[in-house]
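Asker: For reference, Swiss-Prot lists these features for the protein:
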- 5-115: domain 'MTTase N-terminal' (DOMAIN)
- C14, C50, C79: [4Fe-4S] cluster 1 binding site (BINDING)
- 132-369: domain 'Radical SAM core' (DOMAIN)
- C146, C150, C153: [4Fe-4S] cluster 2 binding site (BINDING)
- 372-439: domain 'TRAM' (DOMAIN)
Amino acid sequence: MIKIPKIGFVSLGCPKNLVDSERIITKLKAEGYDLVDSYDNADMVIVNTCGFLNSAIDESLEVIGEAIAENGKVLVTGCLGNKADLIKEKHPEVLSITGPQDYENLIEAVHTHAPIFANDFVSLVPPQGIKLTPRHYSYLKISEGCNNTCTFCIIPDIRGKLKSRSIDNIMKEAEKLKNAGVKELLVISQDTSAYGVDIKYKSGIWNNKEYQSNIIDLATALGDLDMWTRLHYVYPYPHVDKIVPLMAQGKILPYLDVPLQHSSPEVLKRMKRPAHTQKTLDRINKWRDICPDITIRSTFIVGFPGETEADFEHLLDFAEKAQLDRVGCFKYSEVEGAKANQFDNLISEEVKQQRLDEFMGLQAQISTDKLQRFVGTEQQVIIDAINKDENYAIGRTKYDAPEVDGQVIIGDALERNLKVGEFATVEITESTEYDLIAD
């Protein structure tokens, strides 16, 4: 009897890395490998690493060490794979190291260290591939890499320049996901609004219709699938204005994830971020005029080198004026290889924490005030989880992305016969800082 090699797999980092993991696992399953969820039951372990922040590097190295201790045969891939010397210095026992998207060499290493009898196992793999997210939503990666040169970021060094997929290729994947039961698509990349620039907006045919490989045509085509489609990592370029009418028409979700990072012109200049505070505010107001129920999410960095008290006050003032719906904020931390590491006027950890607390305190109040408008309304939600012991469900409205935004806590889940991955209409009875309560 032929023994099927068992592979343990760990995926670290961002949603983009998760999509890479799905592709690797799909390839392994197609070749007949068995994927297991424990180190000790595996013939070998693959760790798909993150190498962006120093904290992520530390986590990746720690997980590699755990896999070596519990299994002994470990392959490392992903963003930290670009720092092979660091990995080898810390963990010389690692069998193979490959970088992000280096699928061919990774699979070759798998063949070397856990060979499998040649056969055709493609029938074991569903048409949409193997997904690591819950069945009802999926990330849809439309490009790799980035053409921006932000001083706090090393993504272009890790993943290279922008490499867009053709629109017909993306739409074929999106259609497979829909046919597999996916209800929500989360469109991701490093810079979603730059999609297609590198391939000169190459045209493609889908459903007997010609589309250009740009974000407007892509959003239009995805809207025709009649799914929840959510856009992430959208820079506030002028052409984004053309997407918002699609939201007002109900073609795609009224949700924009726009990573602004700061508002102070001086800080943005040092970050090498394209932005102008008043233009950004004007654009936000314009979006709300076109689509009044649009939800705008953003992320910010406090404590960037040289950030003065005046710069921070500028950010607080911007937050008051912008009244953003969903906000994440991080304390600046050095990323090995980033240009910002060379900057003077570093901010102390104590001041960074104070600014983070003050900024998020303000945003918590803004969120509290904005969520109160939902009380007494009926909202469609998608169910993410059900707690049978305590008889409640966790869902999300169209205004909330999974993992990063708020939730709707729904009582009497069993009596309502709520099911994970299905839609339900609920009445909102209460609101908190970030979540809604429904009876």
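For all residues, glycine too, the Cβ spot is worked out from N, Cα and C.
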Asker: Given the recorded [4Fe-4S] cluster 2 site (C146, C150, C153), which additional residues of the same chain have their Cβ within 8 Å of the Cβ centre, ordered by sequence?
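Answerer: These residues sit around the [4Fe-4S] cluster 2 site: N148, T149, F152, I154, I155, P156, Q190.
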Asker: Which are the residues of the chain, C14, C50, C79 excluded, whose CB is within 8 A of where the CB atoms of the [4Fe-4S] cluster 1 site average out, their centroid?
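Answerer: Output for this site, in sequence order: L12, G13, K16, N17, T49, G51, F52, A56, G78, L80, I158.
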Asker: I need the CA-to-CA distance for C50 ([4Fe-4S] cluster 1 binding site) versus C153 ([4Fe-4S] cluster 2 binding site), whole Å please.
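Answerer: Pair distance, Cα basis, whole Å: 13 Å.
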Asker: Report, as a single number, how many Cβ atoms besides its own are within 10 Å of the Cβ of C153 ([4Fe-4S] cluster 2 binding site).
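Answerer: 22, counting other Cβ atoms within 10 Å of C153 ([4Fe-4S] cluster 2 binding site).
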Asker: Looking only at C-alpha atoms, tell me how far C14 ([4Fe-4S] cluster 1 binding site) is from C146 ([4Fe-4S] cluster 2 binding site), rounded to the nearest Å.
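Answerer: Just about 15 Å between their Cα atoms.
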Asker: Hey, how far is C153 ([4Fe-4S] cluster 2 binding site) from C79 ([4Fe-4S] cluster 1 binding site), Cα to Cα, in Å?
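Answerer: The Cα atom of C153 ([4Fe-4S] cluster 2 binding site) is 13 Å away from the Cα atom of C79 ([4Fe-4S] cluster 1 binding site).
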Asker: Helix, strand or coil at C79 ([4Fe-4S] cluster 1 binding site), per DSSP?
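Answerer: Helix, per DSSP.
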Asker: Among C14, C79, C146, C150, the binding-site residues in question, whose Cβ has the most other Cβ atoms within 10 Å in this structure?
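Answerer: Within the set of binding-site residues, the most crowded position is C79.
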Asker: Including all protein chains displayed, how many Cβ atoms other than that of C50 ([4Fe-4S] cluster 1 binding site) lie within 10 Å of its Cβ?
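Answerer: That number is 22.
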Asker: Per DSSP, how many helix, strand and coil residues does the domain 'MTTase N-terminal' (5-115) have?
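Answerer: Result for the domain 'MTTase N-terminal' (5-115), in helix, strand, coil order: 55 helix, 22 strand, 34 coil.
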Asker: Can you tell me how the residues of the domain 'TRAM' (372-439) break down into helix, strand and coil by DSSP?
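Answerer: Within the domain 'TRAM' (372-439) the tally stands at 3 helix, 31 strand, 34 coil.
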